[in-house]
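Copied over from TrEMBL:
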type: ACT_SITE; residues: 53; note: active site, proton donor
type: BINDING; residues: 112; note: substrate binding site
type: DOMAIN; residues: 26-274; note: domain 'NADP-dependent oxidoreductase'
type: SITE; residues: 82; note: site 'Lowers pKa of active site Tyr'
């Protein structure tokens, strides 16, 4: 098996993060050990989890077994988890995640979404970020997490947070792909040294992978369509990517895309494919109670 290595990015707090990771959402619980073992052997050292995924205990069992085998060391692995703003005290949630994951610390902890919808009685159950953030900062002070950040935050929310945060968010993890490239958000985050991580970087289904321009470029550079898209997001736009797969061949493919550079006109053509078309619209999910977060 070809061993690859993702380039590292230095965050604003000087911590290093691999710029390619593996998303662990909706992954086969019966196969976590094999998945993580294959991913590590391929070269992955960055793994993205969350309380919402309801699999931290299984992930923890797999990592415990892997670390006990002594081939891979915890200090060389970057592990992220996330919490929703209505899930209670942040410190307690971090401690619970650490217990489930069988870890002493997390490399990165994120507020998963900026808000959730009201309950069945239309009562607002949301805790605003100005209440949550000091609890995340305490997690850093206690050594429970190394870095903190947010997910699904727009410019206005992030700008507000940056105005008072004692420990600045180092990451904003957002949906970002071929049809949702978020150039204004990227420029803002770059200006204020907040790294951007792209989830759903390959979209859903085959729509992105079968785009005519992507297929044409894949043939030209002798790469897969997925590698063209990941190269564009990671190399051209400068974002961290966390594609999800349990297929061994695609594990390697999704990590092996940084060895070529597209021409400027090709990069612009890919940028022009942006439709501001969102896959993960919170209005579609019961949890958000039809809350139009991005409108």
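From the backbone N, Cα and C atoms, a Cβ is placed for every residue, glycine too.
The structure, with features from TrEMBL marked on it.
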| residue | record | DSSP class |
| --- | --- | --- |
| 53 | active site, proton donor | helix |
| 82 | site 'Lowers pKa of active site Tyr' | strand |
| 112 | substrate binding site | coil |
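Rounded to the nearest whole angstrom, the C-alpha distance between residue 53 (active site, proton donor) and the residue listed as 'substrate binding site' is 11. Across the fold, the C-alpha of residue 112 (substrate binding site) and the C-alpha of residue 82 (site 'Lowers pKa of active site Tyr') stand 5 Å from each other. Within the group of recorded positions (82, 112), the Cβ with the highest number of other Cβ atoms inside 10 Å belongs to 82.
A mean pLDDT of 94 is what the model gives for the domain 'NADP-dependent oxidoreductase' (26-274).
If you draw a 10 Å sphere around the CB of residue 53 (active site, proton donor), it holds 18 other CB atoms from the protein chains shown.
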